[in-house]
Amino acid sequence: MSDRQQVTNAKGERIAIVAGLRTPFAKQATAFHGVSALDMGKMVVNELLARSELDPKLIEQLVYGQVVQMPAAPNIAREIVLGTGMNVSTDAYSVTRACATSFQSAVNVAESIMTGNIEIGIAGGADSSSVLPIGVSKKLAHALVDLNKARSFGQKLQIFRRLGIKDLLPVPPAVAEYSTGLSMGQTAEQMAKTYNISRADQDALAHRSHTLASETWASGHLRDEVMVAHVPPYKQFIDRDNNIRENSVLESYAKLRPAFDKQHGTVTAANSTPLTDGASAIILMSEGRAKALGYQPIGYIKSYAFSAIDVWQDMLMGPSYATPLALKRAGMELEDLTLIEMHEAFAAQTLANMQMFASKKFAEEKLGRNRAIGEIDMSKFNVLGGSLAYGHPFAATGTRLITQVCRELKRRGGGTGLTTACAAGGLGVAMIVEVE
């Protein structure tokens, strides 16, 4: 049996990435303060349809993701369909796979096209760190349920007497893993220590990311893939990412204190992604349908793979496990790629994965391979800057990476590109695209 992955429909047509778009990414409580993930999702899908001049009624499926979900609208995908002029009968459902969420939505739509169930679909994701589901304590939640059942005033009074002042305080969304209690930052610290990744190297990668992202915005390359977002009360707008350090100076990174291990740590706010608001989306079609409608796709999906590893150690090493699977399914080696886009959750996590890509020992012991995945050529790596600069709205990053690498390959005359990311829960994803 062949290891090659057939990312085609029954007619042998490839899965075309017709267009992609995102909002600017904004740091928490700045430009998108008070704007929900749902509103950002509707905003970007509406604009994507308008720019591509695609009739919303032609969309047969929309798969959309959100990591920090709002109880008021648990199926963000369905609400986007209802808010963007698509047929009410359009199939829509929501997914979540932590930081790999919009990779998952893209794969789900692609697989619907591969099976012949649809020919046109939209995938993407949105997250807001500014509009959050603030919860209540377990004791207060328990008491509120009991209050709903209580009949007399006396019964209600007895329930209230069980509560202390602390029980009445709001509870923000958890930032730690449910199964381990470890935060992403703590895991990044562990990886930095395990693989001897210095503070200087982390700061240098962050500086590189900000410098390249600033240069990319100055070049105008992102103008066609980032919309201008007008936000309520519509007296202001945001037209570019606001986390990027313009005129980044390497020496300034050393001034920040460690964020997670105050005494011996090396992970800081400057070499980590900030909490970010934003949304992104892509249009996928069968190759034949895209041609029939007169579109010139920005790329095609060549292969993809997901991975899962232990959550106690090296939880953010997902790219090192998913990438060799995607390469094998594409019939490629790392050196065959034109560009590599790796999600930079933390500089420490990114550098640890780069180190494992080049490690024969890791390949033999963890992957069952007799050779390393390969040494990453930095002239191919995150050439426009990465998440450390752009920011990371959890569910939006995947389709941001896909669009960005496809459009950059197009500017360079074509080729193949790897997009890969780690995700909470020990998850990983890799997708290879080809561009003509």
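The backbone N, Cα and C atoms fix where each Cβ goes, and this holds for glycine too.
Fair warning: this is a prediction, and the values are worked out from it, not measured in the lab.
Feature annotations, reproduced from Swiss-Prot:
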type	residues	note
ACT_SITE	Cys99	active site, acyl-thioester intermediate
ACT_SITE	His392	active site, proton acceptor
ACT_SITE	Cys422	active site, proton acceptor
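Counting other CB atoms no more than 10 Å from each candidate's CB, the active-site residues Cys99, Cys422 peak at Cys422. The separation of His392 (active site, proton acceptor) from Cys422 (active site, proton acceptor), Cα to Cα, is 12 Å. Comparing Cys99 (active site, acyl-thioester intermediate) with His392 (active site, proton acceptor), their Cα atoms are 8 Å apart once rounded. Neighbours of His392 (active site, proton acceptor), defined as other CB atoms within 10 A of its CB across all chains, total 26.
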